[in-house]
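The Zn(2+) 1 binding site annotation in Swiss-Prot covers C150, C153, C203, C206. Per Swiss-Prot, Zn(2+) 2 binding site is recorded for C167, C170, C189, C192, and the stated evidence type is sequence analysis. Swiss-Prot lists 5-70 with the feature domain 'J', giving sequence analysis as the kind of evidence. The repeat 'CXXCXGXG motif' annotation in Swiss-Prot covers 150-157, 167-174, 189-196, 203-210. The annotation zinc finger is assigned in Swiss-Prot to 137-215 on the grounds of sequence analysis.
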Amino acid sequence: MSKRDFYEILGVSKTADNKEIKRAYRKLAMKYHPDRNSEDPDAEEKFKEASMAYEVLSSEEKRSAYDRMGHAAFENGMGGGGFGGGGGGNFQDIFGDIFGNFGDIFGQSRGGGGGRSRRGSDLRYVIELTLEEAVRGCKKEISFTAPAPCDTCDGKGAKNASDIVTCQTCHGQGQVRMQQGFFAVQQACPHCGGTGKQIKNPCSDCHGNGVKDKSRTLEVSIPAGVDDGDRVRLAGEGEAGGAGVQNGDLYVEVRVKQHNVFTRQGADLYMDVPVSITDAALGKEVEIPTLDGKVKIKVAEGTQSGKLLRVRGRGVTPVRTTMKGDLICRVVIETPVNLTREQKDLLRQFQDTLDGDSKHQQSPHKKSFFKKIGDLFD
């Protein structure tokens, strides 16, 4: 019986790079893993087939041998080290590298109540804060649903401690070696889920998993100075790992709501300060808000629109620093609207006074603008 081409099994071209091969294998492994397909008799065979293909194509040496000689490269110990004994790659390393900490996907046993072989999965919770809460720090109560230890069996998965016995398939090792022809791969025992234990009489409430979904409420302390996208880690507050398995962590991710006055950039805060055309021309002291109360800033005589005024120490102290940023005020000069006839006449009279050299001296940007235009035609 002819063997299927490894590239065909993974659904990749012969020029595929390692990332494409890994991505293709991960997709197939998640689709056909025996612990997710206990009702499909062909799933385990397809899973092993994909694993064999990946073990060859993910190794530069074995892939090179396979490209030259095909399946014959691994028969009778030829080329690439073969797969028998200790010469081949460790499947558990491959599997762990790809799936990392997602024990919740493959951890449950098919044999009636096996536990999980990896720590519980980490959880993510997004929390919205106002700018003031993010800058000053706060306490927030969050509610969510996640797997937690079963109350009925205290997370053991069994009615009684005596119901937990050594797995007879792997003899307590948690690993089995699967042989198919000249291929041999090591994987988590399908009967105990890699724990090395089996449960004779599973807990009727959690069905031997040791965990159940529960609604939880926690108070989270948000440190002062957090910014949008920062995460607060709560160790051990993630998904419960089940009997004898470490819990995952809970990561609370911060989302800062848009403020109607301030914009934050790192340690500094920015704001627009509207100034009338007369105050900008004559100069004035203007009162502005900050997160710590009101302060006054000096708008100098002749200030132009867009001028940045810095108020030191009125910004933010980011997390893990002691240096406080500044408040940057951008002057926005407001042009008056809905003028009366008398006001328009007064402005025209004022405009008439801006003549000759003094006109350019009193309008420096306009002088610079016309000079630049003149330079274009010189």
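The backbone N, Cα and C atoms fix where each Cβ goes, glycine too.
Structure with Swiss-Prot features highlighted.
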residue	record	Cβ contacts under 8 Å, 6 or more apart
C150	Zn(2+) 1 binding site	G157, C203, D205, C206, N209, G210, V211, K212
C153	Zn(2+) 1 binding site	K159, C203, D205, C206, G210
C170	Zn(2+) 2 binding site	V176, C189, H191, C192, G196
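Counting residues of the repeat 'CXXCXGXG motif' (189-196) by DSSP class, helix then strand then coil, yields 0 helix, 0 strand, 8 coil. Here the binding-site residues are C189, C192, C206, and the one ringed by the most other CB atoms within 10 angstroms is C192.
Nonlocal intrachain contacts for the repeat 'CXXCXGXG motif' (167-174), taken as residues 6+ away from its ends with a CB within less than 8 angstroms of a stretch CB, comprise 114, 117, 188-192, 194-198.
Summarised by DSSP class, the composition of the zinc finger (137-215) is 3 helix, 37 strand, 39 coil. A sphere of 10 angstroms centred on the C-beta of C167 (Zn(2+) 2 binding site) encloses 22 other C-beta atoms.
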